[in-house]
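First comes the structure, then the notes that go with it.
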Ligand code: AP5
């Protein structure tokens, strides 16, 4: 993609995000029927692109982004008893106990104000008991999950993605040394703070994480396939194309014929 195409695509994205947010806020302000809040999960193996796509969804739909891996790493950084225990499990490529993970998500959905606009769960549910726990949690709120989006990619493509990933710990922003390099070497584009490599982002731990994914999380995909809310996306494509495909799933039932920001400015529909 050339520079002009690239810039044009970014600007169109910014305008579309603004339109979506204005529509939602106007709806809330007037008490009129607003597009339904979004309630969705992103499933996929390590490196599939969950953490790359989720912030874009959050931006578009003004909802919360709950990434259980980030929540656990936060506990590790604070050196809490849970963090100490979780670090051993994460570095070994295993899974933290279901009841702990379900409790974490419940707490966030109840207390995080951003979740009033809906939620994207990234890295949860990772087991069938977690999926059942989520269903129970939502049923008690008279809600249902709307979308289970699976980012599908062959294991062989994930080694390069994981071993080249660079992370800004405070924000969770992620880069890639080759596929998505920061503007300045090893520095976060927004804050200029140093980037790090995750302690579980090495070829050996990845092998174990992939084993755990296929044994314990693949059944979660089957769980949602049966419900009719599952959609698969080819996650081996470049990030912009993955985003377009995800968006077309999420906006499928939400396209509106109302005026757009551009049409309001130009007076043309
Ligand atoms: P978590 O943090 O959730 O890790 P993960 O599932 O292994 O996923 P990743 O964060 O590694 O990958 P991603 O899909 O977000 O990829 P990203 O977008 O960054 O969990 C860590 C650990 O915590 C688990 O192993 C477990 O121990 C524990 N845990 C967490 N949740 C739990 C739960 N519910 N129950 C029990 N235990 C739990 O992309 C990767 C790289 O590729 C980046 O560098 C990115 O720039 C690049 N990239 C992304 N998309 C593309 C593309 N389309 N083309 C080229 N490069 C791309």
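Just so it is clear, glycine is given a Cβ too, placed from its N, Cα and C backbone atoms.
Annotations in TrEMBL come from automatic prediction, not curation.
As recorded in TrEMBL, the features of this protein are as follows:
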- 47, 48, 49, 50, 51, 52, 165, 174, 175, 237: ATP binding site (BINDING)
- 67-96: region 'NMPbind' (REGION)
- 68, 73, 94, 95, 96, 123, 124, 125, 126, 130, 198, 209: AMP binding site (BINDING)
- 164-201: region 'LID' (REGION)
- 165-200: domain 'Adenylate kinase active site lid' (DOMAIN)
Sequence-distant neighbours of residue 124 (AMP binding site) in its chain (C-beta under 8 A, six or more apart): 41, 66, 68, 101, 105, 130, 134
Secondary structure at residue 68 (AMP binding site), reduced by DSSP to three states: helix
Beyond the flanks of the domain 'Adenylate kinase active site lid' (165-200) by at least 6 residues, Cβ under 8 Å: 47, 51-52, 55, 67, 70, 73, 77, 87, 90-91, 93, 206, 209, 239
Distance from residue 94 (AMP binding site) back to residue 47 (ATP binding site), taken between C-alpha atoms, in Å: 16
Cβ neighbours within the same chain of residue 96 (AMP binding site) - under 8 Å, at least six residues apart: 72, 85, 86, 89, 90
Intrachain C-beta neighbours of residue 49 (ATP binding site), sequence separation six or more, cut-off 8 angstroms: 151, 153, 235, 239, 242
Helix-strand-coil residue split for the domain 'Adenylate kinase active site lid' (165-200), DSSP-based: 0 helix, 10 strand, 26 coil
By Cα-Cα distance, the member of binding-site residues 51, 165, 175 nearest residue 126 (AMP binding site): 51
ATP site span - longest C-alpha distance across 47, 48, 49, 50, 51, 52, 165, 174, 175, 237, in Å: 18
Chain-internal residues, separated by at least six, CB under 8 A from residue 198 (AMP binding site): 73, 165, 167
The domain 'Adenylate kinase active site lid' (165-200) [mean pLDDT, rounded to integer]: 94
Where residue 96 (AMP binding site) sits in the secondary structure, as DSSP reduces it to three classes: coil
